[in-house]
């Protein structure tokens, strides 16, 4: 079993508990001889900047799969629109005081501060005809289309890179990484990961956060899989 590329989440996976980049994970990624793609719920310009500063090739999945690009100098491709998300936001705003995060730069979803009752909001949304879901990444709550996720983003980006999604190993920690694990050929959850992502993972590390990412990569190398 040999994989051709790696796709890895940022926050909670290649960071420390305080959200600083884990230098050991950064160094480990830079030693690999396969393409490394960053996948995040954050905005495209953030993902691109992180890729560049880490020293990777610029291929990223952003906005939970809603935005992808293969290089720094190639325009991002966006899937879906904000129209349905805005309708859901307007509806929920009648019940909660909501604060948008990075609204100027988000093109395919709405990210909210985590200061309202998520389960109550989900129950309220079920009464409406929106094809929308609320996803908690532990750093923000995202109003997003049910037709967009990191797995779909990986399939799109893999094709743009000349690969299949199954050619990738995926590493992550949050519930929004689950579809990416299912699309990839192999999924590794770090120890601090959500139960949802651990359930679909092929391997769960003993270490957490960036230490877990290092452990994951070393596990793959020791088996000759990358």
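Just so you know, glycine gets a Cβ as well, placed from its N, Cα and C.
In Swiss-Prot this protein carries:
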- 9, 11, 173, 177: Mg(2+) binding site (BINDING)
- 9: active site, nucleophile (ACT_SITE)
- 150: substrate binding site (BINDING)
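Neighbours of the Mg(2+) site: apart from 9, 11, 173, 177, residues of the same chain with C-beta atoms within 8 angstroms of the site's C-beta centroid are 10, 12, 13, 39, 40, 137, 172, 174, 176, 190, 193, 197. Using the residue listed as 'substrate binding site' as the reference Cα, a 10 A cut-off selects 177 from the binding-site residues 11, 173, 177.
Using a 10 Å radius centred on the Cβ of residue 177 (Mg(2+) binding site) and all shown protein chains, the other Cβ atoms total 36.
In the three-state DSSP assignment, the secondary structure recorded for residue 150 (substrate binding site) is helix. For the recorded site, residue 9 (Mg(2+) binding site), the DSSP three-state label reads strand. Sequence-distant contacts (6 or more apart, same chain, Cβ under 8 Å) of residue 173 (Mg(2+) binding site) comprise 9, 11, 12, 13, 189, 190, 192, 193, 194, 197, 209, 212. For residue 9 (Mg(2+) binding site), other Cβ atoms within 10 Å of its Cβ number 28. Residue 11 (Mg(2+) binding site) is surrounded by 18 other CB atoms, counting those within 10 A of its CB over all protein chains shown. For the recorded site, residue 177 (Mg(2+) binding site), the DSSP three-state label reads helix.
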